[in-house]
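What follows is a set of notes on a single structure, which appears directly below.
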Amino acid sequence: MKRLVLQIILRLGRYAVLPVVALACTILASWLMIMDRYTIAALATAPIVFTIFMAAMALAIGLLFLPSRKHRSFEADEETAPGLWAVWKELDRSFVRSNRTLLVDTDFNASISETSRYAGLFGQHVTMTVGLPLLMILDQRAVRAVIAHEVAHARLRHTSGGTNLADFMTAAENVFFYADPEQTVTGYIVRILLHSLLERLEKEYRALSRENELAADLEAAEQVGRGEMARALVMVEVFGTRLIDLIFAPLQKEVLGAIKAPSPPFARISDQIATIRAPGPMTAASLGREHDPDSTHPPLGQRLASLGYTDISDVGEIQASAIDQLLSPNAANELALRFDEEWRKKVQDWVSVGR
Ligand SMILES: [Zn+2]
């Protein structure tokens, strides 16, 4: 039953609240009809019926005025990212150029999402986002495995769910803009109901995401080989940890105490790239690390085990950074500068507000 509710929301996104609204309207209509015959009963239940109805209306309004999500990333065409496009085309059996968008953002991560336009009449539009740090730090073999993993998510149709769930949650939270839980009874009741629903949804969604990750790893391994997939997972884990330790954790500290914006992230990554990519013991440390229980990804050990490995002590030679092979020479530099500039502006605003 819980899975069913989750599946409906993953399919319908914010429109999943429509059945709730319809139900509330039906309750109100029936209540109006019994009004003449059972006046006393009708009056006694009036507060309950009106609360349900108002809550449903608040949900409907919250749904209608959902703010659109803006993404701060860069759209890369074939000229900017010839290598990335080529890898995508090679790995994606249902590749249709007009139905594909490639974005580059600032995360050490990659993701894929899917939207159906015109009710899916012309196929699904797939958007893949690849983080610039991923391209700088991994080698081409590892990026290829990561892309195979993302393409597998799309092929296995894991893709639209996350967006839809996020939509639904935002729509649900919008309700409180119209029915303040501190001020109105409706808002108060809706908060109690939604709170437990959202909490359960998040838990279910986490479990589902983890299953999906393992399935995508296996599907990708069919294309690039289990060894390559495992190697990429280990590299992402180890380099990701170094990236946090060497770049993002110190940066965060500096920003907190800064009077002017400190040197920006991509400049730092370039400076320390050799240390971040240095070969060294790979899994022992990362397998032992504590895993975030709220993560939508399973722990590395579990992912490796599902591919048939207990430990990867050696990822082989770490080849040249993928960025030179996957992006055009100018694009690599320009993107890093552009992201750093955006970051500097944001932090500068923030630092001057703080003073
Ligand atoms: Zn994934």
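Placement of Cβ uses the backbone N, Cα and C atoms for every residue, glycine included.
Taken from TrEMBL, the feature coiled coil applies to 191-218. Annotation source TrEMBL lists domain 'Peptidase M48' at 118-308. Summarising the annotation, TrEMBL assigns transmembrane segment to 12-34, 40-66.
Remote same-chain residues near the transmembrane segment (12-34) are listed as 41-42, 45-46, 49, 52-53, 55-57, 59-60, 62-63, 66, 160, 163-165, 167-168, 170-172 (criterion: CB distance under 8 Å, separation of at least six residues from the stretch ends).
Note on the transmembrane segment (40-66): residues 14-15, 17-18, 20-21, 23-25, 27-28, 31, 34, 167, 170-175, 177-179, 185-187, 189-190, 193 of its chain, located 6 or more positions outside it, place their CB under 8 angstroms from a CB of the stretch.
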